[in-house]
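Novice: Got a structure for you, written out below as structure tokens; questions coming shortly.
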Amino acid sequence: METRAPQGLLLLLLFLPPLPPRGASAGSLHSPGLSECFQVNGADYRGHQNRTGPRGAGRPCLFWDQTQQHSYSSASDPQGRWGLGPHNFCRNPDGDVQPWCYVAETEEGIYWRYCDIPTCHMPGYLGCFVDSGAPPALSGPSGTSTKLTVQVCLRFCRMKGYQLAGVEAGYACFCGSESDLDRGRPAPATDCDQICFGHPGQLCGGDGRLGIYEVSVGSCQGNWTAPQGVIYSPDFPDEYGPDRNCSWALSPPGAALELTFRLFELADPRDRLELRDAASGSLLRAFDGARPPPPGPLRLRAAALLLSFRSDARGHAQGFALTYRGLQDAADDRAPQGSAQTPAASPDWANVSCSPRPGAPEAATGARVFSTVTAVSVLLLLLLSLLRLLRRRSCLLAPGKGPPALGPSRGPGRSWAVWYRRPRGVALPCPPGDPQAEVLAASYRPLSASSQSSLRSLISAL
């Protein structure tokens with residue numbers, strides 16, 4: 001099957017000004033929560049597929065700690081940057097076009113294969129489709145380029161005002177709309193296996209096969225209103241360029257927002273991403289090449305957000321990919337354990353109880369000092385009260401979910417033995433030989449000797 005004749009040339013596209021994609025206001029990137037990859041070549045895949053075909057099909061992968069005879073093994077990745085280790089899961093340590101793994105060598109000398117991972121497609125990539133040419137899979141304008149990348153094609157179709165962009169045979173680009181996709185014929189993902197002429201780490205369709213993307217991927221501006229979606233840095237999946245000044249308005253339904261950074265790689269501290277409250281304009285968070293965002297969900301008490309990104313004259317790097325979702329209740333924005341809860345924050349990311357207003361750094365500093373002193377004072381009073389109680393006790397027991405089996409009592413001849421059990425503690429007596437205390441203590445875990453010694457010293461000082 002021959003590739004359709006081009007209707008235009010993709011020349012000088014790298015210098016065309018970005019335009020807002022038609023339909024971007026819908027925030028239409030599909031199912032970001034179902035994707036395990038946010039890079040076009042799956043270099044960030046950390047899933048558990050260990051065969052070269054989906055759903056248990058294909059050949060089994062070899063363990064990475066048993067492939068020392070090859071270029072890549074767990075020994076060549078001691079820091080785990082590429083995700084290699086004592087397992088046989090598909091990975092992409094060399095920046096190839098998709099995850100792969102070593103397999104037992106065949107008679108033909110094949111010792112590695114690509115992995116077909118259905119969940120490893122970046123949001124915004126809609127899949128591989130058949131292009132028979134009659135009728136064309138995407139009915140809009142087209143062109144070719146010997147420097148074609150995914151983003152070059154996306155920018156071309158975005159400039160033309162179309163919603164979809166398709167790459168084919170490594171060098172051809174086609175534009176289309178959602179109606180084209182409705183009548184499209186899906187093809188196996190492995191059919192889109194041609195390397196882009198302009199980027200050895202990207203796939204640009206196949207022979208008679210279109211890899212179709214939404215043009216909102218890598219756009220420099222947009223208005224996102226869907227309940228959830230993905231925002232990419234400008235020019236993604238290519239690296240962002242120098243002197244970029246981009247902004248995105250984010251207003252999904254709900255009273256608060258949750259962001260999760262799936263990728264974040266900026267060139268230096270002068271390349272900066274800011275998150276502002278769209279209503280007040282106040283700065284909530286800012287990240288740069290030296291200060292990346294914290295891991296885990298980032299929850300913000302703002303119904304609408306304005307994201308702005310700027311790069312300096314020298315900056316270029318992979319950029320970022322973040323998923324978002326609207327929260328229906330602002331009271332639900334308390335972060336779970338391990339996530340990054342973000343009450344209004346200052347530009348230097350101090351985790352404080354109130355956000356300083358622009359032009360009033362002294363007031364913000366005073367508020368932080370006052371909050372810290374107050375919190376420390378309350379904790380000291382509670383500690384003193386507990387320690388005074390402990391002076392009259394010889395044993396500290398902390399019950400589990402049920403109430404304590406013993407009540408407090410007093411008596412001479414106590415020797416300290418400290419026990420604990422979450423979630424809360426209570427002081428109980430432990431006179432030597434007390435059978436009730438010994439039975440109860442048998443189900444508790446004792447503190448270490450050093451901890452008991454420190455507690456004794458602290459109590460004796462009161």
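Keep in mind that glycine also has a Cβ here, set from the backbone N, Cα and C atoms.
No curator has checked TrEMBL annotations; they are predicted automatically.
When I checked TrEMBL for this same protein, it listed these features:
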type     : residues      : note
DISULFID : Cys37-Cys120  : disulfide bond
DISULFID : Cys61-Cys101  : disulfide bond
DISULFID : Cys90-Cys115  : disulfide bond
DISULFID : Cys128-Cys192 : disulfide bond
DISULFID : Cys153-Cys173 : disulfide bond
DISULFID : Cys157-Cys175 : disulfide bond
DISULFID : Cys196-Cys204 : disulfide bond
DISULFID : Cys220-Cys246 : disulfide bond
DOMAIN   : 36-120        : domain 'Kringle'
DOMAIN   : 122-216       : domain 'WSC'
DOMAIN   : 220-327       : domain 'CUB'
REGION   : 332-363       : region 'Disordered'
SIGNAL   : 1-26          : signal peptide
TRANSMEM : 369-390       : transmembrane segment
Novice: What does the structure give for the C-alpha distance between Cys175 (disulfide bond) and Cys115 (disulfide bond)? Integer Å is fine.
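Specialist: Counting only the Cα atoms, the answer is 28 Å.
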Novice: What disulfide-bonded residues among Cys37, Cys61, Cys101, Cys246 are found with a C-alpha within 10 angstroms of that of Cys90 (disulfide bond)?
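Specialist: The disulfide-bonded residues close to Cys90 (disulfide bond) (Cα within 10 Å), listed in sequence order, are Cys61, Cys101.
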Novice: Run through Cys61, Cys101, Cys120, Cys173, Cys204, Cys246 for me and report the disulfide-bonded residues whose CA is within 10 Å of the CA of Cys157 (disulfide bond), in sequence order.
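Specialist: The disulfide-bonded residues passing the 10 Å Cα test are Cys173.
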Novice: Measuring C-alpha to C-alpha, could you say which of the disulfide-bonded residues Cys61, Cys101, Cys128, Cys196, Cys220 are within 10 Å of Cys173 (disulfide bond)?
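Specialist: Cα within 10 Å of Cys173 (disulfide bond): none.
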Novice: Between Cys115 (disulfide bond) and Cys101 (disulfide bond), what C-alpha distance do you get in Å?
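Specialist: The Cα atom of Cys115 (disulfide bond) is 7 Å away from the Cα atom of Cys101 (disulfide bond).
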Novice: Do any residues at least six apart in sequence from Cys120 (disulfide bond), in the same chain, have a Cβ closer than 8 Å to its Cβ, and if so which, in order?
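Specialist: For Cys120 (disulfide bond), the qualifying residues are Ser35, Glu36, Cys37, Gly42, Tyr45, Gly47, Gln98, Pro99.
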Novice: Quick one: mean pLDDT on the domain 'Kringle' (36-120)?
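Specialist: The answer is 86, the mean pLDDT of the model over that range.
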Novice: How many Å separate the Cα atoms of Cys220 (disulfide bond) and Cys153 (disulfide bond)?
Specialist: 15
Novice: Checking the contact step here: among the disulfide-bonded residues Cys61, Cys101, Cys192, Cys246, which have a Cα within 10 Å of the Cα of Cys204 (disulfide bond)?
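Specialist: Neighbours among disulfide-bonded residues, in sequence order: Cys192.
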